[in-house]
Structure formats: C-alpha cells, structure tokens
Amino acid sequence: MAIASFHPPIRILSPAPSFPRPPLKRLRPLLPRSPTRPKSQQRRVYRRQAKPRPSDTDRSLLTPASRLLNRIRGDEISLEILSIALPAVLALAADPIASLVDTAFVGHLGSVELAAVGVSVSIFNLVSKLFNVPLLNVTTSFVAEQQALECSPESNAHAVEAGGEVPTGRSLQQEPINYADGESRKFLPAVSTSLAFAAVVGIAESMALIFGMGLLMDFMGIYVDSPMRLPAEQFLTLRAYGAPAIVLALAAQGTFRGFMDTKTPLYAIGAGSLLNAILDPILIFLFGLGVGGAAIATVISEYMIAGILLWKLNEKIILSPNINGEGMSLYLKSVGLLVGRTIAVLITMTISTSMAAREGPVAMAGHQICLQVWLAISLLNDALALAGQALLASEYTRKNYVQARLVIYRVIQIGAATGIALGVLLFFGFEPFSTLFTTDFSFVTVSQPINALAFVIDGLYYGVSDFSYAAYSMILVGVVSSLFLLIAASVFGLAGVWAGLVFFMSLRAVAGIWRLQTKGGPWKILWSDMEIGTTKEFSAQQRLDKFLISVFFPYGCFGEHAVCLPLLL
C-alpha cells in the first residue's frame, strides 16, 4: 500500500480512433483551379467581376430621360428611328412655315384679304385631307412591304403557314427590269398604283373645288354680299389648279418613306418653300396681282416639289403605267378604310371648335391659339409614327419578328419620352400665358404624353397594314368622344371642350394598347415564332413588360403585363 500511495496509477493507452477522411473529390470544388490565363489577366477578370453593379434603388433614381439616353447609346434601332424621324419633322414643319410666309405678305394687303385667304385655305385643307392623308399612309406601308420582299421573297409563304393574315402590300410582286446598257431598276406595282390613284384624286379635288366653290363658301359663312367673297374665290380658284401636284407629291413622299428615305422629300419641300418665299413679294407687290399672286406662287412651288420628287423617284424605280387590277382593289379598300377614319377625326375636331365658338370671341381666340400649339407639337409625334411605320413594315415583311417586336417597344418608349419632354417644355415655356389661357394650356400640357402614345400607335397600325381595326376603332372612339364633348362643353364650357379632346386622345391610346395586348389580326404573326407557355417565352415576355414599365411607371399603368398608359386625367 505504501508503494501504491507514492506512484501514479498505471494507465493502459489505447490507439486514437481513426475518423474517416473525406474523399478528395468532395473538396475539389473548394480548391483553386489551375490558372489557364496569366495572373495579370486573371486579376483583371476578378476585378471586373467584383465591380459593384448599380442597385435597384440607384436605377430608380434615374429619370426617364436618362434611362432613354442610356438605351439609345449603341442602340441601332433607336438611332435608325431618329435618323428617319428628324428629317421628317423638318419636312412636316416646312408647310406651316410656308403658310406663315404667305400670311405675312398677304397681311400687308389688308384685313379683308387676309381673312379671305384664311377661309380659302381652310376649305382647301378640308377637301384635301379626306384623301391625301390616307393615300400617304397606305403608300408608305405598301412600298415598304414590297421593298422588303426583294430581300425576303418567302415571307408570304411563312405568313400563311403561321396562320396569320398577309399584309395587303405583299400580294403585289415586284420584277426587276434590265435595260440594254446594264442598268437595273426595280418595278414596284404599289408605286404605279399610288401615282395613278393620286393623279385621279388630284384632278377630282381640283374639279370639286372649282365647281363646288359657291356651296363651300356658303357653308363657311362667306355669302355673296360679303366683302371677302371675291378675293376668297380668286385665291381658291387658283389654288385648286395645284391640287394634282399636291397629291402626286404626297404619293411620291409615301414612296420615299417606304424606302426609309426622308431626306429627299425634305430637300424637295425646302426648295419649293424657298421658291414660294421668293415669288410671293414679286407677284403680290411688283406685278400687283394681290391675293392671286400669293396663290400663283404657292401653285408654282407645289409643282416644283412634285417635279423634283418624281425626277428623283425615276432614278430609283421604274415609273410604269402598268397597274395591277388586284393591287388597285386592295389599294382602294385600304384608302377607303382610312378615309372613314379621317372623317371620324374631322367630325370630332369640328364639334370641338363649334362648341368653343359658343363661348364667345375671347374664349374662341384663346382656344384657337392653344389648338394651333397642340397641332404644331403633334408634328414630332407624326414623325415618330412615320419612322415606326416604315421600320415595322420592313421587318414584318422580312419575318424578322424579333426585330419587329423591338421596333414596337422602342417606338413606344421614345414616343412616351418625347411626350413627357414636350409636356415639361410647354409647362415652363408657356407659363407667361397661363394667366390668359389657364385652363387651355393646362390641358395642352397634360395631354402631351397621351397624344404621343396615340400617334405612335397609329404608325404601328399602318406598319402591319391593320387598316380595318384602325378605321373601325377610330369611328367608335369618335362617336363616344363626340357625345362626351357635347355634354361636357355644355356643362363646363371651354374646360369641357378640352376635357373632351383629352378624352378623345386617351380613348385612341387605350384602343391601340388593347390591340397590342390581345395580338389579334395581323399582330398574331409577330408572336408566331414564340412557343406560348415555355420558360423562354415567358422570360422574354417579362423582359418586354419590364421594358414598358420603366417608361410609363412615373405615370401609372394598368393591366397584368405592363401595358401601361399615362394616367394624367
């Protein structure tokens, strides 16, 4: 026991337990891989990957204009849209500027002559708008489709296989004609059809103005005993002889627009407007022709514009009198639909002017000033609609449906940004007039994003030749808006008139958005290459929807899939 008390106990040591070692395969993803690039390049890659991306909060701080500029940089579609739209804006603005020049010179003759010219111009525009605007839009779509067929002749078969409708312009095939000297120019039946129809319409307009002048003057309140009757008849008679040149020039402009060439019409219109400004003082004052001299100067400039456009057009394509009977019937049907659409618009605008006139001369003067500003600003939206129409018709016919969808969303985005910018510009630029026309200018400012959306969707209609829906929807919108105008104007006065106009444009925009959302008629083909229900299609649709939300989010949106509209009412 003594030994045991002085010595430690003897312990029997056992071997340490062996834990299973994890296989190397499990740790392999955690090990650094062998470098395949030099270390310097690897470090650059790591730094680029580790660069922080802007968070959603930072992106939300960007204004719509900033987001638009970021997307436009390096975007070929946006640049192409702007390259078509900017010359078109200048060409569209040339005619109002020429009218201002005529007004300035005629104003030196006296107030009676100036009023007579104003009435005559109103009558001339009323008669010419019925056919000229539809002819221009139909020609642009038909020519763009036939021009695209040269690069994609199988588009018709693909469209039929997809189960959709074939655009009207595609049913006319083009044939190249080779000359003996080796020159080759295209023959587009749509061009021959449009020019022939334009010549007939121009002659008909001229005859209607000359022989129906008395009825038209009485309708405008210029009776036989009025001092304005004689100068108004003199001016309108001479202007009537220029109607064929105007319609032919519009058909040629539609052809160049179908080629996505808006610079040639700009040069021709600029040259004609310059000639008009030179001839006005010579004929009015130097030769003493008065009001007749202003009309003659305008007619000469109109024939010069038509001659330049036809001459340049003859260098590109063959101006043959050969007209396809089937093509003419399709052309007449499309023009007839758009004529009905134009009548619906004119009736609605006429009702608004009539209701404003009942508020008295001061209110009517303010209404006319605001209306002219409203219509002048719409030229920018018309140019965007033209660019969208030409590009969409080309991509649609070539069955480049992915590009066509991008054109649709890009045009809508640029149009919305343009409308917002115009509204802001009007709000700050016309603030001095707010004390005189408070109600009017507030409506003009607020309606700009809605107007832009409505106008650009009109161009998309024409791009896919959806003329039927464009006509019938406008007739329905016009009827509803006219009833609203009659009720609102009788209750709220001039504010009711402008509320009716904003309501009219809002219904146009809603009708267009609904058509894009339902994808009916010719729009069905645009989504024929996407399998509905698949993950790929769903993600693509989500990206496009998010794209639209980024444009219209500041102004509200409706619908389940980002079909948005500025809710500014």
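Backbone N, Cα and C define each Cβ position, glycine as well.
TrEMBL entries are annotated by machine, without manual review.
If you look up TrEMBL, you'll see 29-39 marked as compositional bias 'Low complexity'. According to TrEMBL, the compositional bias 'Basic residues' annotation covers 40-51. The region 'Disordered' feature in TrEMBL is assigned to 17-61. If you look up TrEMBL, you'll see 77-94, 106-127, 195-216, 236-254, 266-287, 293-311, 331-351, 371-394, 406-429, 441-462, 469-489 marked as transmembrane segment.
Between the transmembrane segment (371-394) and the listed ranges 77-94, 266-287, 293-311, the one holding the most Cβ pairs under 8 Å is 77-94.
Sequence-distant contacts of the transmembrane segment (331-351) (same chain, at least 6 residues past either end, Cβ-Cβ under 8 Å): 126, 129-131, 133-135, 137-138, 141-142, 168, 190, 193-194, 197, 465, 467-468, 470-471, 474-475, 477-479, 481-482, 485-486, 504.
A Cβ distance under 8 Å defines the sequence-distant neighbours of the transmembrane segment (195-216), meaning residues of its chain 6+ beyond its ends; these are 123-124, 127-128, 131-132, 135, 233, 236-237, 239-241, 243-248, 250-252, 319, 321, 323, 328, 331-332, 335. The stretch in 106-127, 236-254, 293-311, 441-462 that contributes the largest number of Cβ pairs under 8 Å to the transmembrane segment (406-429) is 441-462. Counting only same-chain residues 6+ beyond the ends of the transmembrane segment (441-462), those with a CB under 8 A from a CB of the stretch are 137-138, 140-141, 370, 373-374, 377-378, 380-382, 384-389, 392-393, 408, 411-412, 414-416, 418-420, 422-423, 426-427, 430, 433-434, 469-470, 495, 498-499, 501-502, 505-506, 508-509, 512-513, 515-516, 555, 565-566, 568-569.
Within the chain, the transmembrane segment (106-127) has long-range Cβ neighbours (under 8 A, six or more residues past its boundaries) at 99, 205, 208-209, 216-217, 220, 222, 227-232, 235-236, 239-240, 243, 284-285, 290-291, 294, 346.
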